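Taken straight from TrEMBL:
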DOMAIN    23-288  domain 'NADH:quinone oxidoreductase/Mrp antiporter transmembrane'
TRANSMEM  59-79  transmembrane segment
TRANSMEM  91-115  transmembrane segment
TRANSMEM  152-171  transmembrane segment
TRANSMEM  178-197  transmembrane segment
TRANSMEM  203-225  transmembrane segment
TRANSMEM  237-257  transmembrane segment
TRANSMEM  277-300  transmembrane segment
DOMAIN    290-343  domain 'NADH dehydrogenase subunit 2 C-terminal'
TRANSMEM  321-343  transmembrane segment
Amino acid sequence: MNPQAKLIFSMSLLLGTAITISSNHWIMAWTGLEINTLAILPLISKSHHPRAIEASTKYFLIQATASTLLLFSSMVNAWFTGQWDITQLTHPLSCMLLTAAISMKLGLVPFHFWFPEVLQGSSLMTSLLLATVMKFPPTILLFLTSPSLNPTLLSMMAIASAALGGWMGLNQTQVRKIMAFSSISHLGWMAIILIYSPKLTLITFYLYSLTTAAIFFTLDATNTLKLSTLMAAWSKIPTLTATLMLGLLSLAGLPPLTGFLPKWLIIQELTKQELTTAATIIALLSLLGLFFYLRLAYCATITLPPNATNHMKQWHINKSVNTFTSTLVMLSIMLLPMSPTILTIP
């Protein structure tokens, strides 16, 4: 892709995100989401592969439907209450429509079907944008409207997302699809705590984005798209692949890694709210995710690819690792001691 075109699309992404997260009027928020959608489409389809074209078409149709629902939701609210302010969403029908629209944009169950397919059709870096940056504006809209949303509906969708994200990731061999189901599972954790502690939802999103970015940059550095390639990745950059294992375990939420912090805080908050059953169910469902993270970690560091003949592996330790990638990986596994500081993030 032409560098100037890529710069324009990247700047449009930043502009759309900035407009949505800083607006207090539904029309401006909708405009920002539309700019985002139009900016990411060329980045998805830039390889001109049939799968990429299919992914961009699916993405456009889903996002257009979600945006229509969101606009309709705000118009219904304005019709009944006379309010266009995002925080003044009070009409029950509007709240229901908004939950459906944002769930569709994020990929929450039962509106998750498009997400793994779109990620599979995109490059690793575009997949990273879809899994993190593109989910930030809808998450902020959920954060702003959280007092008006239905807690029972959100809890059911959250538990279904955690279950389906873990269950569907078990038999995948494509790394991007595994990361897509991992994203769906994490969205379940964010949605279940949204009503009771919106700030905690944002902290979970920040730490999830950090860890996911570290993993995608590592996969990009080793040019890994499926498990069979991941098995040979350790011979390319051994140190980076070893830290990839820790990053994956952090995403699974194992102590003493960074990813343990949000899950610990969410379970603690749910228990405080006397939702012990929900906390127990979602904690048990995270074990499904742990299985496929462990499988990825096992493939990355312990297994050898099958070979017809015995031969020595060629080590390529001279390949330089991007400083940015190394920093991201370190942050994704070593932030737990800084928990008190992280909790002060607004």
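Glycine too: its Cβ is placed from the backbone N, Cα and C atoms.
TrEMBL annotations: computationally assigned, not manually curated.
As a quick check, the transmembrane segment (277-300) and the transmembrane segment (178-197) clear the bar of 3 or more Cβ pairs under 8 A, pairs 6 or more apart, so the two touch. The average per-residue pLDDT of the prediction over the domain 'NADH dehydrogenase subunit 2 C-terminal' (290-343) is 73, rounded to a whole number. By number of Cβ pairs under 8 Å, the transmembrane segment (91-115) is matched best by 59-79 from the list 59-79, 152-171, 203-225, 321-343. Counting residues 6+ beyond its ends, the transmembrane segment (152-171) has Cβ neighbours under 8 Å at 96, 99, 103, 108-110, 112, 116, 177-178, 181-192, 194-195, 275, 278, 281-282, 285-289, 291-292 in the same chain. Cβ atoms under 8 Å from those of the transmembrane segment (59-79) belong to residues 26-27, 29-30, 33-34, 37, 40-41, 44, 88-91, 93-95, 97-98, 100-102, 104-105, 111, 114, 118, 130, 141 of the same chain, restricted to positions at least 6 beyond its ends.
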